[in-house]
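Below: one structure, written as structure tokens.
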Amino acid sequence: MTDITQKMNELSVQDGGSGAGNSPGAGNGPSGGNGSRRSQYVPPHLRNRNTSSGSGFGGNGGGRGRGSFGGSNYNNAGNRDNTIFGGSGRSRDRGFGGRGGFRSNQSRPGVGRWVDGKHEPSARNERIELELFGTAEDTSFQSSGINFDNYDDIPVEASGDGVPDPITSFTAPPLDELLVENITMSRFTKPTPVQKYSVPIVAGGRDLMACAQTGSGKTGGFLFPVLSESYINGPAPIAESTGAFSSHKVHPTILVMAPTRELVSQIYDEAKKFAYRSWVKPAVVYGGADIGQQIRNLDKGCDLLVATPGRLKDLLERGRVSLANIKYLVLDEADRMLDMGFEPQIRHIVQECDMPDVQDRQTLMFSATFPTDIQMLARDFLKDYIFLSVGRVGSTSENITQKILYVEDEEKKSVLLDLLSAGDAGLTIIFTETKRMADNLADFLYDQGFPATAIHGDRSQYEREKALAAFKSGAAPILVATAVAARGLDIPNVAHVINYDLPSDIDDYVHRIGRTGRAGNVGIATAFFNRNNKNVVKGLIDLLSEANQEVPDFLAKIGRESAFGGKTGGMRGGRGGSRGPVRDFRRGASGGSSGGWGNSSGSAGGWGAAPSGGNSYNSGYSSRSNSYNSSYGSSGYGNPTSTNSWW
């Protein structure tokens, strides 16, 4: 069987023509070579540009190559092709098309069945396993890093009645045997702290609200337990549907909502791995792609639906999805969904459609931060839940080496070239504040001999997916991005994150640099700072101190000046949030005794009962949050998050 890396490399760059003129020019930048080598990846926005010289990667023949990145599982409309879990023909049989989907006269490879109250996994399929899990030598299928064992020392705080003891390994029981096999094929060797607690919490029928640092395994934290319980207990019976589209309506058992197209696609990819050979058929829907194709994919069967709120609302209104059988509701990156203005859609989906009541389903909320308004959402959506805080919520990982450089705006490009020239050949993400700057910087780097591509909200879905695929494969190892790629994306082996433009909000800085140092790996985060960024000085100093990083003298000096002038800040003030250690708002001053901190390998301390009043919502937050919010407000800064930058 050919190594999947070789297959991807063969597909990654299609030659734009013949002859040496379409090959990388020898000595032209880091990717120089002779005329027999393949052409370099060309970003989508540059493919139709005509150049008069052989600069960049055009070689002696001049002009940029027009090869396009291939090997993606997206069709020409930019939609995910559900090839593994697809099918044809119409049926209500769960073992084939399933749950309002299409029929096949024989079982599809990689898809199991639920028959007569029993789970019947399908036979193993070598081709599918290579596609889903890759090979052990392929670093793009990385599951853990050299510092993974350090997660055992991360403190874990769990509050609520009857907190179960954490698991210490992936075993059956408590997990289903098939899921353990899929986890093993994914080369996960041990659970992260959030996974150690989420598995027994969900197995015990409890709701969960989890805060964990970025890169801590939140996706597995909800996929592992809900899939395991689904394999053990099976689907809910399908009620008879009525209406014009009743025969085409799907009835998923699991619903996962997340804010962006990239994040739901990533969750879907992970779900395919862990649902392999099971009766659970994953599907994904999101805006910006052909809804007709997504409906056709749904009709092939859908038991686990991953969706953005806007597209899901559309499908519900069209009568193509029923939520009546939902057993598990997952809200991932809940704070970002509210930042993007999705709260009305989320409340409509959860409270006004046919989803079972909070008492008749299990609900899990995951995110890196949980300000007050998110905790209020939890009060409405969750019942008798356990609040889980892993590590210092809202802080950065010590696996990331942070470097703050003082660079004036006009010197940024020169310093960036020095950094890229001196660094090792690893994947690098460069963040800018505007879409125009992202395109400008990608063009500049390309002209200087660095294969770069850009991703932001103005790119079509097809272009975005092609650019991400090129970046992950190394065909274009430099990705210039706006905030569209800053949250949730789990791209293995990102060695360096560069904040070319610092964000106005320190939380956004945290999530940007969290693209490196994931799953216990080490990474470097470099930020270009000057006096135009004074609004985040206080937050930067606190983050560096918390993560045991060096605070540059110039930053400390500007921090003292800003503090004296009363204009520090950079925190998101409009939402009443806090970046201090998040605590369960139910543990107010008027009720509930608090226990101690546990660690990820032991049981949690014994927490008292949650207060019955629950009125003192802010009492659990650190006092410094108030000074952050007031400073932010007095500086005259509004909410820096723009929905348009994400879409």
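Glycine is no exception: its Cβ is also placed from the backbone N, Cα and C atoms.
As annotated by Swiss-Prot, compositional bias 'Polar residues' applies to 1-12.
According to Swiss-Prot, the region 'Disordered' annotation covers 1-122 (among others).
The compositional bias 'Gly residues' annotation in Swiss-Prot covers 16-35 (among others).
The compositional bias 'Gly residues' annotation in Swiss-Prot covers 55-70 (among others).
Long-range contacts of the motif 'Q motif' (168-196) within its own chain (CB-CB distance under 8 A, at least 6 residues past either end) are made by residues 112, 119, 121, 129, 132-133, 136, 141, 143-144, 148, 151, 154, 156, 203, 210, 212, 216-218, 220-221, 224, 227-229, 231-232, 273-278, 366, 388, 390-391, 600-601. Residues annotated as motif 'Q motif' in Swiss-Prot: 168-196.
Taken from Swiss-Prot, the feature domain 'Helicase ATP-binding' applies to 199-388.
The ATP binding site annotation in Swiss-Prot covers A212, Q213, T214, G215, S216, G217, K218, T219 and is backed by sequence analysis.
The annotation motif 'DEAD box' is assigned in Swiss-Prot to 332-335. When pLDDT is averaged over the motif 'DEAD box' (332-335), the result is 88.
The domain 'Helicase C-terminal' annotation in Swiss-Prot covers 399-559, and the record cites sequence analysis as its basis.
If you look up Swiss-Prot, you'll see 566-579 (among others) marked as compositional bias 'Gly residues'.
The feature region 'Disordered' is assigned by Swiss-Prot to 566-647 (among others).
Here Swiss-Prot flags 589-608 (among others) as compositional bias 'Gly residues'.
Residues or ranges marked as compositional bias 'Low complexity' by Swiss-Prot: 609-647.
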Sparsest-packed of the listed binding-site residues (S216, T219) - C-beta count within 10 angstroms: T219
Beyond the flanks of the motif 'DEAD box' (332-335) by 6 or more, those residues with Cβ under 8 Å of it: 218-219, 222, 256-260, 263, 267, 365-371, 374, 377, 487-488, 577
Collapsed DSSP category at T219 (ATP binding site): helix
